[in-house]
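Pulled from TrEMBL:
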type     : residues : note
REGION   : 128-165  : region 'Disordered'
TRANSMEM : 20-42    : transmembrane segment
TRANSMEM : 54-75    : transmembrane segment
TRANSMEM : 95-117   : transmembrane segment
TRANSMEM : 293-313  : transmembrane segment
TRANSMEM : 319-341  : transmembrane segment
TRANSMEM : 353-373  : transmembrane segment
TRANSMEM : 385-408  : transmembrane segment
TRANSMEM : 429-446  : transmembrane segment
Amino acid sequence: MDGKPQCGSGEEVGEYDLPLHVAGLFMVLAASIFGAGFPVVAKKVKWVKVPTSVFFACKHFGTGVLIATAFVHLLPVAFGNLTDPCLPDLFTTQYPAMPGVIMMGSMFCLFVLEMYLNAKMGGHSHGGATGFETSAPPLPPPSPKPAYQHTHAPNHKRAPSRPPRYTAYSEFEIEDMDYEKKMAQKLYGEKMDAYARSDNPFDDVDELEVRSEMPPWFVVFYEQYVRQRLEMVNLIKSSHVALKREQQQQYADAEKRMSMLAPPPSLADSPYIDVETGQPVDPAVFRKMSMNITLLEGGILFHSVFVGMTISITIDGFVILLVAILFHQMFEGLGLGSRIAAVPYKQGSLRPWILVVAFGCTCPIGQAIGLIVKDSYDPNSAFGLIIVGVFNAISSGLLLYASLVDLLAEDFLSEEADRTLTKKQKRDAFMWVLLGAVGMSVVGAFA
């Protein structure tokens with residue numbers, strides 16, 4: 001035809017050592033359960049005293065492991081299998097980017113699922129380290145207005161009333177200033193009218209009465225007093241506004257600190273308790289964390305089944321592959337287990353232990369399947385290449401989204417991270433992430 005190579009492994013190399021492969025199954029089971037179970041035991045079992053710094057390191061080391069798993073272990077296998085020259089032209093020449101499209105599709109599916117579940121459970125910002133949100137503190141009640149009232153006969157000329165006395169900043173009100181201005185303007189207008197009517201303003205009897213009550217020198221003094229008093233009132237009010245704003249900010253900061261120390265009343269009965277802080281966790285936050293860890297484990301489990309099958313059907317170089325897979329499963333389990341341990345399940349819940357056992361058993365189940373079908377299953381057949389390539393592409397998309405968005409970005413770029421981690425802690429955490437990625441990349445050279 002067109003010279004396309006035939007799919008298949010060709011001749012078998014060496015003799016199949018069944019006891020060694022069976023022993024390898026139990027070794028992988030032990031390494032997987034230990035890797036995933038250690039962080040959970042350290043968090044959930046009270047009598048196990050593990051320093052918080054160890055758990056901190058495991059958590060971020062595991063994030064690097066999961067990222068490297070997607071980039072180093074899954075993607076290359078997906079592209080290698082689906083672009084094998086023996087496959088149909090659709091995979092090799094017409095559209096060699098098929099693995100990338102499958103990976104992208106799985107990422108979008110996971111994003112749509114998260115978006116739907118967030119909308120269904122009620123959108124919320126990621127709360128603090130305790131998992132609850134703080135509401136804005138109420139503003140202090142406004143100060144009461146003074147009860148001072150101005151009463152004077154409209155047609156009777158009298159000396160201005162004595163200015164009111166004040167006992168607090170808040171009692172300097174606009175009404176008082178307007179009153180003082182009007183009184184000063186009235187006095188000035190009356191004086192000008194009197195001089196306009198006569199050269200001698202004391203010819204009028206009423207004016208004489210006013211002058212008898214308030215001498216000219218006092219009118220000048222009083223007008224100056226009103227003007228200076230208004231300037232002082234404006235100065236005091238402007239400083240009072242700044243002082244009040246500062247007091248409100250201090251009040252808000254104090255409320256925020258108090259809310260971080262004690263959960264709001266609505267969370268008092270929450271059955272979900274953060275094992276690190278002992279504080280109740282918002283059920284919506286718990287549901288989101290639980291969903292994230294389920295999707296994360298789902299992406300890992302597909303991959304683990306095919307890893308197990310690969311171990312069981314390998315003959316040449318089996319020991320080197322087995323050692324590499326032991327480190328692979330231990331590192332991967334450490335990353336997954338640290339995230340399982342961070343989810344605030346109910347007291348006595350079996351869910352975290354089920355997730356640990358599920359991860360621990362998945363790769364050995366793949367090994368068992370490989371032992372059963374070792375004589376009939378050929379990983380280099382067209383069927384084997386397409387199945388492994390498609391599922392690795394799907395798993396890489398799920399794992400990339402979960403590790404980069406739900407783990408790495410949440411740990412370093414979220415508001416919670418800015419509030420709970422210092423710059424030094426962020427640097428240390430990122431170094432552990434890099435160390436985990438480098439370690440898993442080295443393992444990828446052998447497995």
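Each residue, glycine too, has its Cβ placed from N, Cα and C.
Residues of the same chain lying 6 or more positions beyond the ends of the transmembrane segment (319-341) and with a Cβ under 8 Å from any Cβ of it are 20, 24, 27-28, 31-40, 42-44, 55, 58-59, 61-66, 69, 73, 275, 292-293, 296-297, 300, 304, 307, 310-311, 352, 355-356, 359-360, 363, 407, 436, 439-440, 443, 446-447. In summary, the transmembrane segment (429-446) does not lie against the transmembrane segment (95-117): fewer than three C-beta pairs, each 6 or more positions apart in sequence, are under 8 Å. When Cβ-Cβ distances below 8 Å are used as the criterion, the transmembrane segment (385-408) is approached by residues 7, 63, 66-67, 69-71, 74-75, 77-82, 84, 86-87, 91, 99-100, 102-107, 110-111, 292, 295-296, 298-300, 302-303, 306, 339, 379, 433 of the same chain, each at least six residues removed from its ends.
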